[in-house]
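S.K.: First the structure, then my questions, so here it is.
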Amino acid sequence: MASKLTLSNRAGWTFALPGFALIFTFIVLPFFFAIGLSLTNQRLLSPNPTQFVGLENYQQLLGLAVVTLEPERNDAGEMIRNAAGEIQYPRLRAITRSDDYPQYRGMREWFHWQSGENVMIVIASDVVFMKALVNTFLFVLVVAPVQGSLALMLALLINHKVKGINLFRTIYFMPVVVSIVVVSLLWRFIYDGQNGLLNSILQALTFGLFQPVDWLGSPSTALPAVMAMSIWQAVGFHMVIWLAGLQTISPTLYEAAAIEGASRWQTFRYVTWPGLRNTAVLVLVVITMQGFALFAQIDVMTNGGPLDSTQTLVFQAVERGYGKQDISGGSTISVILFAIVLAISLIQRWLTRER
Amino acid sequence: MAEVSLKGVKKSFGRVEIIKGVDIHINDGEFVVFVGPSGCGKSTLLRMIAGLEDITEGTLEIGGRVVNQLQPKQRGVAMVFQNYAIFPHMTVRENIAFGLTIAGASRQEKQQKVAEAARILQMEHLLDRRPSQLSGGQRQRVAIGRAITRKPAVFLFDEPLSNLDAALRMDMRMEIGRLRRQLGTTMIYVTHDQVEAMTLADRIVVLKDGQVMQIGAPMELYHEPANRFVAGFLGAPSMNFLNVDVLELDGEVAMVGNQSLEPIRVATRRRPFRKDGKAILGVRPQYLRPVHSGKGLLHGIVAHAERLGSETVVDLTLRDERELIAAFNEDKVFEPGVALELTFDTALAHLFPDEGELQTH
């Protein structure tokens, strides 16, 4: 749009320049760098010259295969069982290290299941990445609906003209203002396995029947614990977005609904929710993006553990790129993450489009 | 169908009293218009009848039942709002059927009632459109459609035509008049537009500052205004008010005059006046006629004239420097600066007590 604002506005452009320069240097440039680096074997510090390796990094990360292990049989063709009667299978190594199967070389077991008398094993060339991928999706799938609906409920609660309502708005919004690192540190104490606040409360509520749990220390509770804390931390932010959406709905629509005799639920169903359509798309997209970018909580609270149960994509990207100095590997994860987020955003926009 | 009765109704927001005790009785099937300047409380009063605002004091009865504490839906009213208040995400059909949907009506019943409403409002061809594809007039018709499907006891209209342009407003006005004859339901209509009030109403309620100024049939209010406010509010251009001296008082008739007005005899209509006191004479611009005989009652100089084709509106400066508006129902040229004599039928003039609040134009 050729307007006075964009054409003859030298002062305006001058003021915008530092901002543009920063955005270019720290967002635009690294974005293209990441794509470029993901096609090389660049390391942060290395005496060897950088080589173009094509899509090898992607293959290294995304390589997946299913192998079938058949029971070991004796010469008579009977299955060999051990003393406990369990069927004996050849070691997976026999395949992944065999020269007969060069395509499986270096891959490791991700998970397996029993299929009849055979065992099916999914092997991945990068099991940690796969776990990070699954954890990240799990995180988004749980956090997006729960945080979104919780935020909507809070917004509905505080969207009333009641004395002192601003106090509640402030309280709900407070965690958003506090740095996520500080919040994560505090929640580490809350989740502490010995005398953390959560265990103490649960014990007090159950008169000591509750056995203390090391929330961040066991693979089954670590990710849910991080989810719960993340939902709590950012719910206020989305509450404010919902609130803004609620206030764009014309009050006369509510009055019309009241005159027509709509109950509270019907009012929500026919007036509020349809009026929040655009807000819902925004909230959903923002939560999804934030969910995929999960890093600080992991870095502060669990470092990806225990047993890789809280590995996430961004954490892996940083861990690889800087921890292991494998900057091309880190870049590759970033590009994959970008593709995932882009795809999901497009799908969400398509699903929630105006019909 | 139902009667609506307000007895000593008051409304306060905090310490500010908005409605200061209103008594109105509306008969079954009557079309009553609340009219008044903005801020007079007419919309608030309507919203109190609807149940959207609490009633601070007094009682409100609909159909012989006190409804002060009832929810809007229990009062059996339907309301049409100034900004339509139709649901943007629903089609016209869904909007009209909204009340039925809420009540859990069957698909068949909805279909039948929507079809009936669409037929009455002549909008069968619009049923599958969305509000964004409709003009203002069509949107308001959807809102009316939603109101009539529920067969309410009382229809409430809150300035329904104010968001429409002039031409459309006239069409819709006639449509509402037609609808009213067709349905025969009690209707309460709020407007600041006196033309709507005059043309639609069985009775008009003129409100000012939360008080009823006068209740009556349109022509009653026009010809026999109870006070200066009503006299000045109804009629366009509005009534001229002249500061006059009471020269003689003779029972029901007073002789009044001033510097620019020859002494005339006007009926007092039982209003209190004092000999040698002040009074205010009200004359509608339409009742003034130019004369050339030297027998004119008013003498002035043409300041400005507007020719409207069917009517010529002349702005005069009187001898005492006050302004006077005259409207002649013919197309005639009046040059500014020309002296003009005017006369009028003194039986059509009104005399009001001077409450010391007459502003000059």
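One-based numbering along the chain as shown.
Glycine is no exception: its Cβ is also placed from the backbone N, Cα and C atoms.
Curation does not apply to TrEMBL; its annotations are automatic.
This is the feature table in TrEMBL:
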- A:133-348: domain 'ABC transmembrane type-1' (DOMAIN)
- A:12-39: transmembrane segment (TRANSMEM)
- A:137-158: transmembrane segment (TRANSMEM)
- A:170-190: transmembrane segment (TRANSMEM)
- A:222-244: transmembrane segment (TRANSMEM)
- A:279-298: transmembrane segment (TRANSMEM)
- A:327-347: transmembrane segment (TRANSMEM)
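A description of the local structural setting of each listed feature is requested, covering burial, neighbours and distances.
M.R.: Same-chain residues lying 6 or more positions outside the transmembrane segment (A:12-39) and placing a CB less than 8 Å from one of its CB atoms are 5, 52-55, 57-58, 327-328, 331-332, 334-335, 338.
Here the transmembrane segment (A:137-158) has Cβ contacts under 8 Å with residues 165, 168-169, 172, 223, 226-227, 230-231, 234-243, 245-246, 268, 272, 276, 280, 283-284, 287-288, 291-292, 294, 312 of the same chain, all six or more residues outside its ends.
Long-range contacts of the transmembrane segment (A:170-190) within its own chain (CB-CB distance under 8 A, at least 6 residues past either end) are made by residues 154, 158, 196-198, 216, 229, 232-237, 239-240, 296-297, 300-301.
Sequence-remote contacts of a segment are chain residues at least 6 beyond its ends whose Cβ falls under 8 Å from one of its Cβ atoms, and for the transmembrane segment (A:327-347) they are 31, 33-35, 37-44, 53, 57-58, 60-62, 129, 285, 288-289, 292, 313-314, 316-321.
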S.K.: Under an 8 Å Cβ to Cβ limit, what residues of the same chain, 6 or more beyond the ends of the transmembrane segment (A:279-298), are close to it?
M.R.: 136, 139-140, 143-144, 147-148, 151-152, 180-181, 184, 226, 229-230, 234, 238, 241-242, 244-245, 304, 310-315, 318, 337, 340-341, 344-345, 348-349, 352
